[in-house]
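**Q** First the structure, then my questions, so here it is.
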Amino acid sequence: MARRPGAPAAYGEEFTFVSPLVKYLLFFFNMLFWVISMVMVAVGVYARLMKHAEAALACLAVDPAILLIVVGVLMFLLTFCGCIGSLRENICLLQTFSLCLTIVFLLQLAAGVLGFVFSDKARGKVSEIINNAIVHYRDDLDLQNLIDFGQKKFSCCGGISYRDWSQNMYFNCSEDNPSRERCSVPYSCCLPTPNQAVINTMCGQGMQALDYLEASKVIYTNGCIDKLVNWIHSNLFLLGGVALGLAIPQLVGILLSQILVNQIKDQIKLQLYNQQHRADPWY
């Protein structure tokens with residue numbers, strides 16, 4: 001059928017406003033994080049199944065595997081909307097993806113600002129988390145390894161001081177505690193010994209019964225909260241780079257999804273225009 005002389009080619013049937021570059025770039029962007037989310041969920045579920053049932057239930061609130069599963073599931077659902085929405089050019093899924101990603105970005109930004117402004121309350125919350133982890137130290141091997149790594153990394157012991165380990169039922173200093181680890185601290189609190197071939201896991205035996213001066217000859221006596229705060233203050237540029245590295249993919253996802261949504265809407269308008277004017281003699 002003849003087209004009106006001088007009519008722009010943009011209104012032809014073969015034209016599309018949807019850019020294949022934007023469409024498939026957004027698809028593969030989400031596919032990458034989709035695969036990562038499935039790996040996270042699989043690792044988290046495997047870690048949970050490998051734990052003893054009673055121990056797993058006892059420390060449910062501080063279990064790193066639970067955190068891995070929750071983050072993985074949320075990421076899976078979010079990237080699913082992005083993948084299918086971009087591939088099927090579905091405006092509803094793309095807008096859901098963009099909205100959720102925007103909310104996540106704003107929550108992260110708000111958490112950073114509030115943590116900086118209300119540093120005392122944030123410090124109290126961190127102290128509460130650490131104390132809860134100390135209580136469940138022996139209940140979960142993953143949590144135990146995480147605490148040991150943190151104490152070695154920051155050269156610290158406990159939350160505020162090494163005596164915080166008395167909150168744990170195995171390390172408690174009470175007279176009626178039958179544990180062999182009574183009044184002790186984990187081996188990760190001990191000062192490193194040069195050229196030590198075998199780790200002495202009993203090096204913290206009875207350290208809580210000693211005063212700070214005597215205990216400091218064998219173990220770290222300073223708590224991990226102060227060490228963590230000092231590390232944050234001395235590594236602000238590193239943390240800023242990490243925050244920027246997390247923010248850039250989110251902003252790219254939001255931008256690409258909004259561009260694709262606008263292109264799809266323009267394409268719908270073009271299709272409606274073609275249907276309305278299909279009977280025109282110059283079409």
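Note that Cβ sites are derived from N, Cα and C of the backbone, with glycine treated the same way.
Pasting the feature list from TrEMBL:
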type     : residues  : note
DISULFID : C156-C189 : disulfide bond
DISULFID : C157-C173 : disulfide bond
TRANSMEM : 24-47     : transmembrane segment
TRANSMEM : 59-87     : transmembrane segment
TRANSMEM : 93-118    : transmembrane segment
TRANSMEM : 236-261   : transmembrane segment
**Q** Which listed range (24-47, 93-118, 236-261) shows the maximal number of Cβ pairs under 8 Å with respect to the transmembrane segment (59-87)?
**A** 24-47
**Q** Taking each of the disulfide-bonded residues C156, C157, C173, C189 in turn and counting other Cβ atoms within 10 Å of its Cβ, which one has the fewest?
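**A** Output over disulfide-bonded residues C156, C157, C173, C189: least Cβ neighbours within 10 Å is C173.
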**Q** Determine, to the nearest whole angstrom, how far the Cα atom of C173 (disulfide bond) is from the Cα atom of C189 (disulfide bond).
**A** 17
**Q** How big is the Cα-to-Cα gap, in Å, between C157 (disulfide bond) and C189 (disulfide bond)?
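**A** That separation, Cα to Cα, works out to 5 Å.
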